[in-house]
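Before any comments, here is the structure.
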Amino acid sequence: MNPYVLAILLSSLGLGTTLTFASSHWLLAWMGLEINTLAITPLMAQHHHPRAVEATTKYFLTQATAAAMILFASTTNAWATGEWSINDLSNPIAGTMFVAALALKIGLAPVHFWMPEVLQGLDLLTGLILSTWQKLAPFALIVQTAQTIDPLLLTLLGATSTLVGGWGGLNQTQLRKILAYSSIAHMGWMIIVVQYAPQLTLIALATYIIMTSATFLTLKMSLATKISTLATTWSKSPVLASTTALVLLSLGGLPPLTGFMPKWMILQELAKQDLPLIATTMALTALISLYFYLRLCYAMTLTVSPNTTNSTTPWRTQTTQVSLPLALFVVSTLGLLPVTPAILMLTA
């Protein structure tokens, strides 16, 4: 892709998100989300492959539907209350429609079906942008309006997403689909606590972005897109294989890695709010997710690649990828748990 075009598209992505962050008016927020969608569409379709084009089309239709629902919800709310302010979402029908639209935007269950299919059709770097940056603007709107939305609806969305995210990833062999289900599960953890402690949602979102970035970059470095390719990683680069295994365990929320921190704090907050049943359900769904991360680690570090492999095995890791971002994300993914008190002080 032409570097000037790429620069325009990436700056438009930044502009769209910033616009949504800074807006207190529904139309401005909607405009930011639209700029975001239109900026990432050419990035998704840049590899002229039928699967990439199909993924782009699915993504565009889904996001357009969600944007239309947001516009309809904000118009309904303005009609009922006479206010276009984001903080004044007092109409219950408009509030429910708005949550449904944002759930569709970020891929929460039960409107998550587009997410694995779209991510599977993209290359790893575009998939990284879709899984991290594209979540920021909708989450800004969710955090702003969480107090005016029915708590039961948010709890149901969160619990369903963690369950579907864990259950759906069990049977997958494609790494991008596994990461899509992982994303759905993490979104569920963030949504369930947003009404009680929005700062915990922001901590969970930040750690999710760090861990997912580390995962995508390590997979890109090892040129792996399916589980069978992971089995050859240790012979090419043992250090990279060990790092990837640790990053995946952190994504699963295993102590003493960074991924344990948001889960621990969210469970603590749910217990404080006298919701032991929901806290137990969330902890059990985290175990389901942990199973498929362990499966990936097993395939990568404890199995030998079969001799009758159908694909050409790249025995050397040849990559032009800059390793500094990867190093920073990996260190953050593995070692932020000891600074939890400092993070809590910053968000208090």
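Glycine is no exception: its Cβ is also placed from the backbone N, Cα and C atoms.
Under the heading domain 'NADH:quinone oxidoreductase/Mrp antiporter transmembrane', TrEMBL lists 23-288.
The annotation domain 'NADH dehydrogenase subunit 2 C-terminal' is assigned in TrEMBL to 290-344.
Under the heading transmembrane segment, TrEMBL lists 60-80 (among others).
If you look up TrEMBL, you'll see 92-115 (among others) marked as transmembrane segment. A Cβ distance under 8 Å defines the sequence-distant neighbours of the transmembrane segment (92-115), meaning residues of its chain 6+ beyond its ends; these are 33, 58-59, 62-63, 65-67, 69-70, 72-74, 76-77, 80, 134-135, 138-139, 141-142, 145, 148-150, 153-154, 157, 160-161, 163-165, 180, 183-184, 187-188, 191.
As annotated by TrEMBL, transmembrane segment applies to 152-171 (among others).
Marked as transmembrane segment by TrEMBL: 178-196 (among others). Panel annotation: around the transmembrane segment (178-196), residues 106-109, 112, 115-116, 118-120, 127, 131, 135, 139, 142-143, 146-147, 149, 151, 154-155, 157-166, 168-169, 172, 204-205, 208, 212, 215-216, 251, 262-263, 266, 269-270, 272-273, 278, 282, 285-286, 289, 292-293, 296 of the same chain, lying at least six beyond its termini, place a Cβ under 8 Å from a Cβ of the stretch.
The annotation transmembrane segment is assigned in TrEMBL to 202-219 (among others).
Outside the transmembrane segment (239-257), and at least 6 residues removed from its termini, the chain residues within Cβ reach (under 8 Å) are 182, 211-212, 214-215, 218-219, 221-222, 230, 233, 263-264, 286, 289-290, 293-294, 296-297, 300-301, 317, 330, 333-334, 337. What TrEMBL records for 239-257 (among others) is transmembrane segment.
The transmembrane segment annotation in TrEMBL covers 277-294 (among others).
As annotated by TrEMBL, transmembrane segment applies to 326-346 (among others).
Within the same chain, residues 124-125, 127-128, 131-132, 135-136, 139, 143, 175, 179, 182-183, 186, 189-190, 193, 225, 240, 243-244, 247-248, 250-251, 258-259, 261-262, 265-266, 321, 325-326, 329-330, 332-333, 336, 343, 347 sit at least 6 positions outside the transmembrane segment (202-219) and bring their C-beta atoms closer than 8 Å to a C-beta of that stretch. Counting only same-chain residues 6+ beyond the ends of the transmembrane segment (152-171), those with a CB under 8 A from a CB of the stretch are 96, 99, 103, 108-110, 112, 116, 146, 177-178, 181-195, 278, 281-282, 285-289, 291-292. Cβ atoms under 8 Å from those of the transmembrane segment (326-346) belong to residues 203, 207, 210-211, 213-214, 217-218, 221, 243, 246-247, 250-251, 255-261, 265 of the same chain, restricted to positions at least 6 beyond its ends.
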